[in-house]
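**Student:** The following block contains the structure, expressed as structure tokens.
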Amino acid sequence: MNSSKSPGLAGFGILKNTTCHTEKKISVFFSIIFMTVGILSNSLAIAILMKAYQRFRQKSKASFLLLASGLVVTDLFGHLIAGAIAVFVYASDKDWIRFNQSNILCSVFGICMVFFGLCPLFLGSVMAVERCIGVTKPIFHSTKMTSKHVKMMLTMVCLFAVLIALLPILRFRAYQIQASRTWCFYKTEHVEDWEDRFYLLLFSCLGLLALAISFLCNAVTGITLLKVKFKSQQRQGRSHHFEMIIQLLAIMCVSCICWSPFLVTMARIGINESHSKETCETILFALRMATWNQILDPWVYILLRKAVLKNLYKITRGCCGVHIMNLHMWELSSIKNSLKVAAISESPVSSRQINLQPLSSTGQ
């Protein structure tokens, strides 16, 4: 009954004895709330991205907008598909034996959990790499990071995530109903087979690697922007510097806080084999933490932009009553102007002084 190689009966053994209970009404209510908030947030983010793409067709912004669009679209479909299945499972009183005789629903649920879990992490790391190249190598970015190349990267990332999600099915390993009976994933109880451990470690290592790449690239980008800010004496490029640094900090904090518990938990289960002490409640809590990342993604990547930061600045200035900086520093915030400041700061001293004279006089 517990054999992972018998798709029709996979996971039904744990349905007899489970110590992880969830209230049906509360669980259905929160699942519907999470799904609705996620769909609305990502839909709003998509609308803002489409408007921004139509308004600013700059080459330097096109790659970021395309990657951000891919991210929020992935999050949106994740809420639509995986969220709908979760609501159905809760509404059906988690009676998997009745509606999952052939294990098709559990397999689809498990594939969705893996794909919609890894794909946003991969896209986040690709966005971090793109921003790092755009700030540190602006000439290379403007010539090589075209819309065609970005679409190819999006396709490759999605195909790689699909391959990882389909790997157990291709190896005739069925996804398992978890102890809470509310979701399907790799085998997490009594993991003794090397292949079951491999899937858990592969998922967690790929996710942690994506977070590490994002952290490293965002750190390099932030340091580069700070160096440009302190080297440059004019105010035109500061707006975009503050905007990008705040976004980078928010992105790193949200991704690490939301995904680290789940990825670390899966890694510990894979490493500790059958001696893992992770409880059902711990795994379920880590999963819900990871779900919050898909809700917060659009607010971090899209809505935390210049207009919002400017309003926050006005509110902070009104509350503190302290003159921190002039508001006209928010006039120019495009990537093109920021890269122009970076190029000026790296030029020889003589040419930089000539170029900065009219800017300094204008600022005065």
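For all residues, glycine too, the Cβ spot is worked out from N, Cα and C.
Curation does not apply to TrEMBL; its annotations are automatic.
These came from TrEMBL, pasted as-is:
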DOMAIN    41-301  domain 'G-protein coupled receptors family 1 profile'
TRANSMEM  26-50  transmembrane segment
TRANSMEM  62-90  transmembrane segment
TRANSMEM  102-129  transmembrane segment
TRANSMEM  150-170  transmembrane segment
TRANSMEM  198-226  transmembrane segment
TRANSMEM  246-271  transmembrane segment
**Student:** Do any residues of this chain, six or more beyond the ends of the transmembrane segment (150-170), have a C-beta under 8 angstroms from a C-beta of it, and if so which?
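**Tutor:** Same-chain contacts beyond the flanks: 62-63, 66-67, 70, 74, 107, 110-112, 114-115, 118-119, 122-123, 126, 130, 186, 199, 202-203, 206.
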**Student:** Please figure out which one of 62-90, 102-129, 246-271 racks up the most CB pairs under 8 Å against the transmembrane segment (26-50).
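**Tutor:** Comparing 62-90, 102-129, 246-271: 62-90 has the most Cβ pairs near the transmembrane segment (26-50).
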**Student:** Let me know the model's mean pLDDT on the domain 'G-protein coupled receptors family 1 profile' (41-301).
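**Tutor:** Summarising the domain 'G-protein coupled receptors family 1 profile' (41-301) by its mean pLDDT gives 84.
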**Student:** Should anything in the same chain at least six residues away from the transmembrane segment (198-226) have a Cβ under 8 Å from its Cβ atoms, list it; otherwise answer none.
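**Tutor:** Distant contacts of the transmembrane segment (198-226): 114, 117-118, 121-122, 124-125, 127-129, 131-132, 135-136, 164, 167-168, 173, 186-188, 191, 241, 244-245, 248-249, 251-252, 255-256, 259-260, 263-264, 266-267, 269-271, 338, 342.
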